[in-house]
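What Swiss-Prot lists as region 'Disordered' is 1-58, 469-545. Look at Swiss-Prot and you will find 1-46, 523-537 tagged as compositional bias 'Basic residues'. The region 'Basic' annotation in Swiss-Prot covers 2-49. Feature annotation from Swiss-Prot assigns coiled coil to 15-94, 515-537. Per Swiss-Prot, the feature domain 'CP-type G' maps to 127-311; the stated evidence is sequence analysis. Taken from Swiss-Prot, the feature motif 'DARXP motif' applies to 145-149. Residues or ranges marked as region 'G4' by Swiss-Prot on the basis of sequence analysis: 175-178. Marked as GTP binding site by Swiss-Prot: 175, 176, 177, 178, 263, 264, 265, 266, 267, 268, 304, 305, 306, 307. Annotated region 'G1' per Swiss-Prot: 260-267, in sequence order, evidence recorded as sequence analysis. The region 'Intermediate' annotation in Swiss-Prot covers 281-456, and the record cites similarity to another entry as its basis. If you look up Swiss-Prot, you'll see 286-290 marked as region 'G2'. Taken from Swiss-Prot, the feature region 'G3' applies to 304-307, supported by sequence analysis. According to Swiss-Prot, the region 'Acidic' annotation covers 463-551. Residues or ranges marked as compositional bias 'Acidic residues' by Swiss-Prot: 476-496.
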């Protein structure tokens, strides 16, 4: 037999065969398309055109306006959702270097005091807004964090309210009541009610813009009350405010000011009472920048106040960071607050929460958290600061559960009992407290909750040095205005003014600049020029008093003496038309 060739056959065909195949393929595709058209497989659905509103419709203009309003509202909701997505993306990227942080790296050392001054000015502005809220309010609600009520109290705020007058009444509001066990909530309410009226509250965590839910304190199933995102305690708080307006027979609306430290839930409280998102809220402290007025109804008006950060801690900045009074991104040293967290929390809980192996020190803990969460710098180095910010964020968000217990009071210190008895008549407290017990009983116990108990922090006070600096800055500004008006002083007065200006940085720079050789001092030149002008004018006035006759030529020369000497050389007096011709 003849062996078959191992070479591959050629794929070359004649042109007749090639065009025959192409024709058959074309006919096949044509037939398939025809069958699909008959069955209607690839037919596009017919878009029905909107006929619009007929012209004969009597309310066409009103309907068109309503459509425009709905369209604008839909666009606004889309923009708000975009902003919410951006905020969530920022939270996910927590710990990375922000744009503002990169800007500060490029700044010089001379620019750093300016940044500090801007921050101080904003804190002073918040303090002024607090004073306004206290002056305008009839009832002041101080919002406290139920996890650490004593640590989120500010005694200076309470003192300001008490000194504002006898018509100002302070009420303590224990917010975030769902984050603590039942035993701690009951003891804290008893402790605080010995000084002022205190109300328990849980803000709504729903995300829709309106119709936020409330849960009544008279619910049939108290065990299911805290499993929802609805608001709790709103009916008791409104009843408290209505009782006050009835007891004083106020015909006008009652103004309620809401004060407290940053991120205790002041804006969330207003949204929960209004049952709509009327005020911006967020987990970052300092979101509210100015006083905001919200009308709850025709009888109650709410005033939202920015959280005051002019605080003086008994310990260090780490304790203020753990109370979420400062932004985590702005902390210079985020590791030191994490050291405090490791002292308070057991290691087993942190190991199970972050799913890391056992650790020994703070650096080891942060190193393992950074490797698990993927926080790395350039070159594969572990970012310790980013891991510390993650832990701080979890602490402030409540992912690391903790609570405190109230301290024991001294037996002799019951000076506030008179205040409580007087306020009990105004607010009808017994009736309000009776309706509150149902949802407090629905809180989880210590065994069910299993949080970390930590020692209670002391109350915070204002930094008095910053308040004193504010009064000093006002006096310095007045002195600067006076020095600007007195530019014409000469000799010794000019040297004294120079000494006062040298205190500022710009004054010192100007002194060095004008002290150099071949440097023109414009201010000194202006002062000398004015001095010469005054001297010439005084001499001319003396000559006028001596001469009785008035001479127009002499008077014209006197007026020209006030001008620059450069323009007086060979200057002729235009007397044509004034004197008779000879």
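Keep in mind that glycine also has a Cβ here, set from the backbone N, Cα and C atoms.
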Check residue 304 (GTP binding site) against DSSP and tell me helix, strand or coil, would you?
-> strand
Longest CA-CA distance among 175, 176, 177, 178, 263, 264, 265, 266, 267, 268, 304, 305, 306, 307, per record bound to GTP, angstrom = 24
Around residue 175 (GTP binding site), how many other CB atoms lie within 10 A of its CB?
-> 27
Where residue 175 (GTP binding site) sits in the secondary structure, as DSSP reduces it to three classes | strand
Secondary structure content, the compositional bias 'Basic residues' (1-46) (per DSSP, counts of residues) = 25 helix, 0 strand, 21 coil
Would you find the one among the binding-site residues 265, 306 whose Cβ has the most company, meaning other Cβ atoms within 10 Å?
-> 306
